[in-house]
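Participant: I'd like to ask you about the structure that follows.
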């Protein structure tokens, strides 16, 4: 997700059409224990013993490779390109041949997407009101690590910090150490998960709610994202995608507490193309028309994401920063101080140019690193990404998919049964 730099006068603060059953989980049935051999009858012994609940064993997550030993992973959803000028691509044998030459490249994305689907299924079935943000982040990220069978290495694993932005916070929030924020029944939480394999990042997000009063907000954003996916393709102008997205998104409104709110595109948030080990790589995909006549090209990978809001439809940075990433092309910059050099070595060895958060540094045993981290930010070696917010009291939602522009068709690689 990328942001625009324009800044209007309004002051303000990353979806799935999902309903989670917040009722209490079913209690496992109880069984009668066997009587002890102390001369008592089985009945007497059973009456004196307390009934014991069956212990429910948690299913252990195993590496995704175990499910696909041949290394061939499920394909995503195939869509034909929207422009008539591209109709020949569907039947072109030459284009199919070119696509096969990049098979390993595509398999990395498909592996990451299958991990993503399994992780978000676990998240959707496990997250409940009352959990704190660190519990939720750990649930998701530890699942990614287990399926990838890598502990956040540069080979495969977490593509970026899990976004868990609540309500008017649209993106770039994940808990830092000590954060006590708890998920409430009336919250609107954007769940943004990244998985990478050999630097090929699958970026996909949904919004989780428990109260059906947000249904129209979620539907608006989900339909807008699907519109962006449908309109995207080789030779399509970025401006035209934004125009189509806005038309769908802003045809919706939401009633809340007796008041009707128009649902607005958050106009300074965009989709983006994805590079190797780079979550943002050059082009941005607007969600409103912006005059950008740049075209999508064959072989590119894009994250098509849209954000809707009941607020001003514009976000600004606010709050404690948790997200960071090393800027590419900064190896020649002089590193300010020994502690900053040491921290930079840790960043290079564990993340490269993939985004990361403070919790990941904590997990690696780093401590007292904030001064050195701020020095790297000021030197331009590391980029900080603070939370971005719409006006307080508003609600924001997000849906996102990763698409692959094959020579003959596009593949919505992150598509699942859920969204």
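Any Cβ shown, glycine's included, is placed from N, Cα and C.
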Participant: Of the candidates 114, 135, 400, which one does Swiss-Prot list alongside 203, 272, 305 as binding divalent metal cation 2?
Facilitator: 400
Participant: Looking at the divalent metal cation 1 binding annotation from Swiss-Prot, with 203, 400 already listed, which candidate in 192, 211, 212, 390 is the matching residue?
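Facilitator: The candidate from 192, 211, 212, 390 that Swiss-Prot ties to divalent metal cation 1 along with 203, 400 is 192.
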Participant: In whole Å, how far does the CA atom of residue 400 (divalent metal cation 1 binding site) lie from that of residue 305 (divalent metal cation 2 binding site)?
Facilitator: 4
Participant: 10 Å Cβ neighbour count around residue 400 (divalent metal cation 1 binding site)?
Facilitator: 28
Participant: Indicate whether residue 203 (divalent metal cation 1 binding site) is helix, strand or coil by DSSP.
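Facilitator: SS state of residue 203 (divalent metal cation 1 binding site) = strand.
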Participant: I need the most crowded of these binding-site residues: 172, 272, 280. Count other C-beta atoms within 10 angstroms of each C-beta and give me the top one.
Facilitator: 172
Participant: What subset of the binding-site residues 172, 192, 280 lies within 10 angstroms of residue 272 (divalent metal cation 2 binding site), using C-alpha positions?
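Facilitator: Those near residue 272 (divalent metal cation 2 binding site) - Cα within 10 Å - are 280, in sequence order.
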Participant: Going by DSSP, give the three-state secondary structure for residue 172 (substrate binding site).
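Facilitator: DSSP call for residue 172 (substrate binding site): coil, neither helix nor strand.
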